[in-house]
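Asker: This structure is in structure tokens; I'll ask about it shortly.
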Amino acid sequence: MAGEVVTVGNKTEENIVCYAPTMITTNGIWQGENPLDYSLPLFILQLTLVVVMTRILVFILKPFRQPRVIAEILGGVILGPSVLGRSKKFADTIFPLRSVMVLETMANIGLLYFLFLVGVEMDIAVIRRTGKKAIPIALAGMVVPFLIGVSFSFMLHKSSQDTKQGTFILFLGVALSVTAFPVLARILAELKLINTEIGRIAMSAALINDIFAWVLLAFAIAFSENHNMALASIWVILSSAAFVVFCVIIVRPLVGWMIRRTPEGESISEFSICLILTGVMICGFITDAIGTHSIFGAFIFGLVIPNGPLGVTLIERLEDFVSGLLLPLFFAISGLKTEISAIDGVGTWAILALVIVLACAGKIAGTVLVTLYYRMPFYEGVTLGLLMNAKGLIEMIVINVGKDQKVLDDKSFAIMVMVAVLMTACIIPIVTIIYKPARKFVPYKRRTVQSTKPDSEFRVLVCIHTPRNVPTIINILEASYPTKKSPIGIYVLHLVELTGRSSAMLIVHNTRKSGRPALNRTQAQSDHIINAFENFEQHVGCVSVQPLTAISPYSTMHEDICTVAEDKRVALLIVPFHKQQTVDGGMEVTNPAFRTINQNVLANAPCSVGILVDRGLSGSTRLAANQVSHHVAVLFFGGPDDREALSYGLRMREHPGINLTVMRFLPGEAAIEATRSDSRKSSMNDPGVLTVVTDDDREKQLDEDYVSEFRARTSNDDSVVYIERVVNHGEETVAAIRTIDNSHDLFIVGRGQGTISPLTAGLTDWSECPELGAIGDLLASSDSASAVSVLVVQQYVGMGAGDQLLTPDSPSQQLHEHFNFSHMNPRTQIRGQQPQFHTQP
């Protein structure tokens, strides 16, 4: 038997815990042994309980949009002496004193590797890119709460406490003034602010804040461990500084050399990974030995790992296991040590409320003063101040170290845990109320291909999931004929799924110009995509390319796409179809989530949308313009979407290597009679449908005007073929399309959503993808005999009264812009409803 001295929970006395070295694993219940008397089965049960409790709370708190750290701390509080631990039987059975040493050791190992990953993911260069704003904002957000912590330390500190007033001040000040960088990243991602100016400033300020917090924490630990604060404290600080210098000068170049030895395109060797993971432990041991906390060494070691493939590999290998399984243990232990009943009396609760309000207000006040100096809007300053109040990991480390060093008693510890939870919990609801990113959207008029002037820049946003779609998209963009008079501005948005990781935000949401190193999990793909577009930019004149990477959950990815489209003022947004062509010519689903993204983009886009069904497109971007040859067909039935398709075809026909065929479908006698019959039935059933007749006539007039103008402009152009086909029903329409499908490389068709036409009757009965419209679905289906790429176009129709908030142009100015007449949305009026306009949410 051996003795161990353990200080646990709310027990202030020292306990002697005896254990048998052989009592690690049990011989089994059939031999009459209780598994919970042995350390391994007990630890497994504790870990399972913590993870299950955390996950249940994450699920419960999800509708309230709370970050995961709240669930993790509350899970520990529920399992601890405040709730379930009030039952002595539960506490003694599940969390006995003898088990705490194993639990805390594993929690600290998890913490060690988590802080290493935080260091790996931090990009110090972000501070330089944000400019000079972030440093004063970070300092102002620290100084005021720190002073508030100092003033409250006199109220909370008791003369009977073993620690000196100065050490207590340092711990309380750091705990109140710190901003949790990983938690803030998660909150910004949740609020979709990570790619905005305010998001970048907040991330940079939090990064600076974290660095200051680490320095202060090192001081606090050094002083708390040496009560006389004499020569020993100075040696601790000097040796910590020497360790940082060693890591920067020796360790970083060594890791860089190891990366350079890895052949291009190959993954980092297992030996290198193993060496680095061992290095985390060694650095933790060194800093623990010199007198600072072991996590300081792990964090610094992570910070000196160069950004790039190695960092990506480490994150992929470790993140899920560390932050999903081991890290909740650390928060749970914080909760297990928290006894809310220690906050006794109205006076103490009043102090708690006052600390929260004043610390929150202090950060907001400090931040607002700096933002006003930089002439940022007041509500942005308040939002930034609220975001800087994010608490979590670093604060929990500070107060746990404080409790271990006996700087904080039970009451102070419980107060600080409650402060962390409540301050972080209120951020998202309040920011959602006061900060509306929609205010930031810049109004612009040229939201469609049709309304883009022939002598102005044509802006296109192309979204890419995998490099497979790149060749066809590049050929379509080249066919769009960039000239000095009308150059093409291309924004390439690489879409990657965010897998729910908490601290990978700074890497993955990287909006950058071409040439900077990619910092996300799909670096090879990103580089491939960017290189292809860079080559396109170099070999084709009058094209500017700006690559971007947006990584977010599939459920909200359309918001990122629409935000970029609005921010960059694009006229056309191209997204790839959710199916790709197989070797045998069929179409298979690549990812069902892509379809949901496309449907959401169609519903929310602030400009025209094209869905590309990619079956390849002949030609090469490296050939001269006069050598490129494409045969493009536009199918015209009528309506805003078809006019948009025709206007895109009109732009393409300017290209010397493009042959354009426009097939216009006109209703025959039977189709006209069917339309009249349907109209009579509808008007008998629904008096509100009277507006449809007027609106339908208006649409027909717009179609006639636009087609007439098109024919007048192309009458002497040998590269343009105009065909009119009279059809009565869907079968005749399909037969007409079949006559030209094998002689063309690309079909451009309008989505035609909301327009009911006898020309497409019967085509939607077996529709696979209704979001493409009747004709788009027909051409994209696996049963289609043609192997032609299809671009299905939806025109942005928010140009009516409902769009006045978005565009400063007067209604009279909107009427005539490249034959783009302002009109009501027939998609909604066919159902006899009030017109609805697509505006950015």
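Backbone N, Cα and C atoms are what each Cβ position is placed from, and that goes for glycine too.
Predicted, not measured: the structure shown is a model, and the values here were computed from it.
Annotation source TrEMBL lists domain 'Cation/H+ exchanger transmembrane' at 54-430. Annotated domain 'Cation/H(+) antiporter central' per TrEMBL: 490-625, in sequence order. Summarising the annotation, TrEMBL assigns domain 'Cation/H(+) antiporter C-terminal' to 631-798. Summarising the annotation, TrEMBL assigns transmembrane segment to 40-61, 68-85, 105-127, 134-156, 168-189, 201-223, 229-255, 267-287, 293-315, 322-343, 349-374, 413-435.
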Asker: Among 40-61, 134-156, 201-223, 322-343, 413-435, which stretch has the highest count of C-beta pairs below 8 Å with the transmembrane segment (293-315)?
Answerer: 201-223
Asker: Which residues of the chain, 6 or more past the ends of the transmembrane segment (201-223), have a CB below 8 A from one of its CBs?
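Answerer: For the transmembrane segment (201-223), the far contacts come to 122, 124, 126-127, 129-130, 133-135, 137-139, 141-142, 164, 166-167, 170-171, 173-174, 177-181, 184-185, 188, 193-194, 229, 233, 236-237, 240, 291-293, 296, 299, 384, 387-388, 390, 394, 397-398, 401-402, 405, 407, 505-506.
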Asker: Compare 40-61, 134-156, 168-189, 322-343, 413-435 by their Cβ pairs under 8 Å to the transmembrane segment (349-374) and return the stretch that comes out on top.
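Answerer: By the under-8 Å Cβ criterion, the transmembrane segment (349-374) pairs most with 134-156.
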Asker: Six or more residues out from either end of the transmembrane segment (322-343), which same-chain residues have a Cβ under 8 Å from its Cβ atoms?
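Answerer: Tertiary neighbours of the transmembrane segment (322-343) are 9-10, 47, 50-51, 53-54, 69, 72-82, 85, 95, 103-104, 106-111, 113-114, 117, 349, 352, 396, 399-400, 403, 410-411, 413-415, 417-418, 501-503.
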Asker: Counting Cβ pairs under 8 Å to the transmembrane segment (134-156), which of 40-61, 168-189, 229-255 comes out on top?
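Answerer: It is 168-189, which has the most Cβ pairs under 8 Å.
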Asker: Before we move on, state whether the transmembrane segment (413-435) and the transmembrane segment (68-85) share at least 3 Cβ pairs under 8 Å, counting only pairs 6 or more apart in sequence.
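Answerer: Yes, the stretches contact each other.
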